[in-house]
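Asks: What TrEMBL shows for this protein is this:
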BINDING   Asn17, Lys18, Ile19, Asp20  GTP binding site
DOMAIN    287-368  domain 'Elongation factor EFG'
DOMAIN    610-695  domain 'Elongation factor EFG'
Amino acid sequence: MPEFKANKLYFFVQVVNKIDLPGAEPEQVLREIEEVIGLDCSKAILCSAKEGIGITEILNAIVERIPPPPETADKPFRALIFDSYYDPYRGVIVYFRVIDGKVKKGDRILFMASGKDYFADEIGVLSPNQIQVDELYAGEVGYISASIRSVADARVGDTITNFSRKAESSLPGYEEATPMVFCGLFPVDADQFPDLRDALEKLQLNDAALKFEPETSSAMGFGFRCGFLGLLHMEIVQERLEREYNLNLITTAPSVVYKVHTVNGDTTMCSNPSLLPQPGLRKSVEEPYVKIELLTPKDYIGALMELAQDRRGEFKEMKYIAENRASLLYELPLAEMVGDFFDQLKSRTKGYASMEYSVIGLDCSKAILCSAKEGIGITEILNAIVERIPPPPETAEKPFRALIFDSYYDPYRGVIVYFRVIDGKVKKGDRILFMASGKDYFADEIGVLSPNQIQVDELYAGEVGYISASIRSVADARVGDTITNFSRKAESSLPGYEEATPMVFCGLFPVDADQFPDLRDALEKLQLNDAALKFEPETSSAMGFGFRCGFLGLLHMEIVQERLEREYNLNLITTAPSVVYKVHTVNGDTTMCSNPSLLPQPGLRKSVEEPYVKIELLTPKDYIGALMELAQDRRGEFKEMKYIAENRASLLYELPLAEMVGDFFDQLKSRTKGYASMEYSVIGYRESDLIKLDILINAELVEPLSTIVHRDKAYSVGRALTQKLKELIPRQMFKVPIQACIGSKVIASEALSAIRKDVLAKCYGGDISRKKKLLKKQAAGKKRMKAIGRVDVPQEAFMAVLKLEKEVL
């Protein structure tokens, strides 16, 4: 147990039980313990509790091997809690070991961590049932019943002392468990929320590492944000909640705790992805690392080294701890262990390996334990804020400048802006200016959060507050913008914030045209807290009204689309993603183009540049060939290859961003069975031989299906699109050509054959000239119908072709 290890209570007797069972091989068990754990089993006792075998030997060993407690009867009473349970009639029953002094029935006792005191109504020993006694002395193990109703008052690992004669310090060595993995737990049935809270409180009674706090989700309702020691701990708690308390739960994806450094010098801890500051507001993000020791038979050393390196592990040391057993020391990100790491560890070593790890990189030596509900630790927190956080510089005389870090939309008051004053001061009624948007408003209301909004007349440098100024447009007050005084403007915006530049674009169209206003409102609300999201109206002859949206990348695009569908109940069609091209025209102008319909004609453009990325592929050496083939297929330029470990290589390529927008990552994982990973960064624009590929159906241009491709890939893309359209478009009464064109040149073509009507069915004989006349008349009618006929492309065809474009581009 952690609390006994911390206090160096390492005395124990090694016992192998149930040797009376048929087929029992206790000697084999001892050999495996020595091999796997490295524990000396020479003094192990073989026994059978059922048959009474070895009991005398065990009792003698306890007397001989475990030293008596030191003589500390005169010291103040101190006891270590090692277990507890909840009795519905007597409250929390605490199991403890007396370390110093003694305790009597009726004593007033104090729990040192929680600061709560109770009267010991009943004390006793376990033999194995609870037997009441009047006193317990140092070295004895017992229980206490004191009508403790709150599970938070008596935690495992806490120290009990006498209220009137307090110990000077808690028992040394015990450290509060620090949760490093977080997830949300939400009941499927909202009525079970109180039951979930009660169940978590009862589990927390015997699980000091379990932490939780209420959380609200617009999609899942009320639940709890829970902290665990690791993924196994999380799974055990979830299983107990479902099995023991009959709760049906939804679990969100687990996450770890990150340390975020913002551009204004602040440092915050973040375990919830939705609370991570925008890219323009954060300077850097630190993730927790773990120091992990892998104990394995030497036959599996290679498999474990490959596993650790796949998870971004940094090799530190290897040593042999036995003839056939080695210890591998690595440091790797905790996030890489959140998942199937332990399962992979056991699978690759057939269950013979084990591991120990400790979290590093997050200094918790000055962490403050508190309970906002009970008021515990609040004074310490306030004192720490004063002592550790430097005061703002004296800038009251400078022009007012404040940085917007958050905002939300109030239907009655408009956009409410949260900001921090950096220079000067602001008063209620001041005319303020948003420097990025150039809009000005009067500050109708300013105030602070405590935690509700409290109005004040002035805010000074260093203070954090809110402002209400009847701002109706979400574009006027963006996260990261600088606020200043209209009449006494600051010379420059606050440094460090950079406007996010979208690199991936796609069209979002509502399936139901009536949802267009709802889509616009939803995008505006998302944009309020997502400065990187850009959008503008777009019209398509096939899909109606929608928006052309810009994102930082594919992941950003998927998150926004998912939020629109889940939080705003919108059913959307997403066009194939594209990148931003730089077009140089013959008259010397340079424009940015993300929509194929806006690309100038070949005679008007001089050259086209596309964004390139530098990409590093990390892969086991067995998959180097597959990844080189993938990169070359995507127009990649090979730069460097180096081995970063015996069985692992790094490939460095430069390739167009457009080649990554699609199924590149899926292909990467598929070709390497999931073992490869990648990192990339945009390095600028390069000139490429890019052309606009048009799709014509019955000689009519279908603009939504146009795309910008490299000339070398034009034929394969055109062939794939025409073949797919041939499968999806219904047959007509006339022949329908489907063509892929570059300008006026057709590079791929398919044709839908006409539906034939048998006009000769009514002819049962007679002159052949009658039949020829009917066939000639039918041919003339089909020719006229083809000239004036219109082919409607069904919605399903558009959606299928757009999906195909994402795969082939």
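Just so it is clear, glycine is given a Cβ too, placed from its N, Cα and C backbone atoms.
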Asks: Count up the helix, strand and coil residues in the domain 'Elongation factor EFG' (610-695) according to DSSP, in that order.
Replies: 25 helix, 47 strand, 14 coil
Asks: If you run the three-state DSSP split on Lys18 (GTP binding site), which class comes out?
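Replies: Note: Lys18 (GTP binding site) is coil by DSSP, not helix or strand.
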Asks: So which other residues, same chain and not among Asn17, Lys18, Ile19, Asp20, have a Cβ within 8 Å of the centroid of the Cβ atoms at the GTP site?
Replies: Val16, Leu21, Ala24, Pro26, Leu46, Cys47, Ser48, Ala49, Lys50, Glu51, Ile53
Asks: In sequence order, which residues at least six apart in the same chain have a CB under 8 Å from the CB of Lys18 (GTP binding site)?
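Replies: Sequence-distant Cβ neighbours: Ala24, Ser48, Ala49, Lys50.
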Asks: Show which residues of the chain containing Asp20 (GTP binding site), separated from it by at least 6 in sequence, have their CB under 8 Å from its CB.
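Replies: Listed in sequence order, they are Ser48, Lys50, Glu51, Ile53.
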Asks: So how many other Cβ atoms are close to Ile19 (GTP binding site), meaning within 10 Å of its Cβ?
Replies: 16
Asks: Asn17 (GTP binding site) has how many other Cβ neighbours within 10 Å of its own Cβ?
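Replies: Looking across every protein chain shown, the total is 17.
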Asks: Along the domain 'Elongation factor EFG' (610-695), what average pLDDT does this model show?
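Replies: Taking every residue of the domain 'Elongation factor EFG' (610-695) together, the mean pLDDT is 84.
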